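Student: Grabbed the feature section from TrEMBL, which reads as follows:
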TRANSMEM  7-27  transmembrane segment
TRANSMEM  47-67  transmembrane segment
TRANSMEM  74-92  transmembrane segment
TRANSMEM  147-174  transmembrane segment
TRANSMEM  180-201  transmembrane segment
TRANSMEM  262-279  transmembrane segment
Amino acid sequence: MATHSNLKNALIAFLAPLPSLLFYLSFLRHYHEDNPLYNWCYHHPLLFANVLFFLNVNILFYAIGYLQSSHWMIDLYWTVIPVMLVHFYANHPLAQYNVWRSKVVILLTWIWSIRLTHNYFRRENWQWGHRQDWRFTDMSHQYGKNWWWISFFVVYFSQQIFLIGICLPMYVVYSEDKPWNIWDFIAVFICLSAIIIAYYADTELYNFVSRNQKLKELGKPMVPNLDEGLWRYSRHPNYFGEQLWWWGLFLFAWNLGQTWTFVGALANSLCLAHVTVLVENRMLKQAYRAEAYKLYQRTTSVWIPWFKSSAKGKDKET
């Protein structure tokens with residue numbers, strides 16, 4: 001039964017984006033024809049991307065999630081949609097860009113996506129649709145009978161704002177053809193550093209959770225807190241790496257004179273700030289780790305990796 005469900009969800013995941021992909025390929029073949037719809041898509045690439053997102057993700061993904069009573073697919077496609085967007089902008093007929101910057105941004109986006117997709121499936125025991133985000137489950141209990149319509153805005157419409165917003169630098173990269181310069185090298189360094197940090201942080205977290213699961217199965221006490229590796233210097237190094245990636249991507253756009261695109265990275269950072277509070281409150285509700293985590297909070301930086309501070313010093317200040 002589990003294998004059947006896994007295969008069914010894998011098939012759904014592969015077929016779900018087909019409407020957008022097929023329409024975009026049709027547009028690329030026929031945009032030069034006298035067709036009012038294709039003509040609009042030609043002149044408004046950013047709005048075009050938003051319409052495809054709304055119809056294919058917000059509407060179709062929502063319908064699938066509603067029928068399955070699980071909004072698992074949006075988590076998986078968070079790692080895929082940026083790749084789709086970068087190729088969307090790169091192949092649009094109005095695209096103009098520096099060839100090297102284009103190749104680098106596409107390559108970086110693929111590396112980021114592969115890393116995050118690998119982490120997603122590793123965390124989900126290599127299952128398709130194994131579970132939805134725990135925050136969605138909590139909210140479904142919170143909103144009860146109203147969750148069926150609230151979930152459309154919370155799970156899907158909000159994702160459009162975030163994903164289109166944080167990917168705005170990709171749109172800029174394919175709107176400006178300016179020579180490669182030193183700032184592009186700096187942006188590449190930041191993006192690669194971010195991917196490496198996030199990879200090691202998520203791997204350390206996965207190993208910690210796996211060890212605790214084995215201890216639980218053996219009936220032994222679990223380790224209350226991860227305080228090794230990158231997690232010794234930051235309570236959320238995985239979030240730090242993820243934010244650093246999007247700010248590094250923004251640097252490409254800033255270098256091309258489009259500072260306004262910072263709104264995407266800023267919105268993502270504010271969202272992760274809220275998520276951080278939710279995660280830490282959840283940790284403190286677990287009796288076996290509450291005291292250890294309170295000490296961890298007093299001595300360890302929230303996001304940016306930094307040296308430990310003295311718990312005694314903090315206690316005196318408070």
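Cβ atoms here come from the backbone N, Cα and C positions, even for glycine.
Describe the structural surroundings of these features, if you would.
Tutor: Long-range neighbours of the transmembrane segment (74-92) within the same chain, counting only residues 6 or more positions beyond its ends whose Cβ lies under 8 Å from a Cβ of the stretch, are 13, 16-17, 20, 24, 28, 45, 48-49, 52-53, 57, 61, 65, 102, 105-106, 109-110, 112-113, 116-117, 120, 128, 132-133, 155-156, 159, 163-164, 166-167, 170-171, 173-174.
Residues 45-46, 49-50, 53-54, 57-58, 61-62, 65-66, 71, 74, 78, 81-82, 85-86, 89-90, 92, 95-97, 101-102, 105, 109, 136, 139-140, 246, 249-250, 252-253, 256, 258, 261, 263-265, 267-268, 271 of the same chain lie 6+ residues outside the transmembrane segment (147-174) yet bring a C-beta within less than 8 angstroms of a C-beta in it.
Same-chain neighbours of the transmembrane segment (180-201): 98, 100-101, 104, 108, 111-112, 115-116, 119, 229-231, 234, 237-238, 240-245, 247-249, 251-252, 254-255, counting only residues six or more beyond its ends whose CB sits under 8 Å from a CB of the stretch.
For the transmembrane segment (262-279), same-chain residues at least 6 beyond its ends with a Cβ under 8 Å from one of its own Cβ atoms are 135, 161-162, 164-169, 235-236, 239, 242-243, 246-247, 249-250, 254, 302-303.
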